[in-house]
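Student: These came from Swiss-Prot, pasted as-is:
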{"type": "BINDING", "residues": "R8, R9, E10, Y11, K66, Y123, R127, S131, R191, L192, H193", "note": "substrate binding site"}
{"type": "BINDING", "residues": "61-66, 76-77, 82-83, Q105, 140-141, W185, R195", "note": "FMN binding site"}
Amino acid sequence: MTDLSDIRREYTKGGLRRSELPEDPMALFERWMEQAKAAELTDPTAMCVATVDELGQPYQRIVLLKRFDEQGFVFFTNLGSRKATQLKHNAHISLLFPWHPLERQVAVTGIAEPLSTAEVLKYFVTRPKDSQIAAWVSAQSSKLSARQVLEAKFMEMKQKFSAGEVPLPSFWGGYLVRPASIEFWQGGEHRLHDRFIYEKTAAGWDIERLAP
C-alpha cells in the first residue's frame, strides 16, 4: 500500500461567517462562481455529478455546468449515457464543485428533471459546429473496439453536415437539477473548516452551520 498520509497543507484563505450569508443560497453560489472565474481557475464550471444505478452503485463523472438560476443547475448530455439511464430510474443526484485553489467546495443534492426539447435546442445551436457533430458521433458509454472507429464516424458526419446546419439529435438532452440542499465549505486554519448547509423548505431555505 502506498502511504500518502504525509501530504497535507494548511488552509489560510479566510473563513465564512453566518452574518455574511445571504438568505438565498443561489446568491452565494453566484458570488463564489464569479470569484472562481475571476481567479482564472481551470474549468471553474466543472462539477462532479453523482448518480446511482438500480443496484445502488454510485457513479461519478465530471460535467460542465452550463446555466444556473433560482430554479437550479443545468447541464447537457447524451440521453443514452450511463448518467441519463440512471436518472431515468432514480432522479436523485448530487453535484460537487471543487474549487481547490480557493479552498472551497459547494455540494448540492436534489432531483434532476429533463429539459424540454426547446430548451435543449436553444443551447445546442450555440455550440461550435464540431461539438454539434460530436454529439451525433458518440453513443456515450457504449463500448468501442478502437478510437479509429470514433474518428471515422466523426469524419463521416462532418461530411454529411458540411453544407448546412447540424440538427439536434433526438438522443441528446439536458437536465435541471432542483436543489434540496446546498452546502458551502470554506477551508479553515487548524482544520476548523467552515461549513454551512441550506436546506429547502416550503417557506424558503433553512441555514445551519455544520461541524467540520
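Each residue, glycine too, has its Cβ placed from N, Cα and C.
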Student: Using DSSP with the three-state reduction, classify R82 (FMN binding site) as helix, strand or coil.
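Tutor: It is helical.
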Student: Which residue among the binding-site residues K66, R82, R127, R191, H193 has the fewest other Cβ atoms within 10 Å of its Cβ, if you could check?
Tutor: R191
Student: Using all protein chains in view, find how many other C-beta atoms are within 10 Å of the C-beta of Q105 (FMN binding site).
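Tutor: The answer is 19.
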Student: Cα distance, Q105 (FMN binding site) to H193 (substrate binding site), nearest Å?
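Tutor: It is 11 Å, counting Cα to Cα.
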Student: Since the record lists R8, R61 as binding-site residues, which of them has the fewest other Cβ atoms within 10 Å of its Cβ?
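Tutor: If we count Cβ atoms within 10 Å for the binding-site residues R8, R61, the smallest count is at R8.
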Student: Which one is it: of the binding-site residues R8, E10, R127, R191, whose Cα lies the shortest distance from the Cα of R61 (FMN binding site)?
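Tutor: If we rank R8, E10, R127, R191 by Cα distance to R61 (FMN binding site), first place goes to R127.
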Student: In sequence order, which residues at least six apart in the same chain have a CB under 8 Å from the CB of E10 (substrate binding site)?
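Tutor: Listed in sequence order: E189, H190.
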Student: Of the binding-site residues F76, R82, Q105, which one has its Cα closest to the Cα of R8 (substrate binding site)?
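Tutor: Sorting the binding-site residues by distance from R8 (substrate binding site), the top entry is Q105.
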Student: Can you give me the same-chain residues 6 or more apart in sequence from L65 (FMN binding site) with a CB-CB distance under 8 Å?
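Tutor: Listed in sequence order, they are T45, A46, M47, F73, V74, F75, L95, F97.
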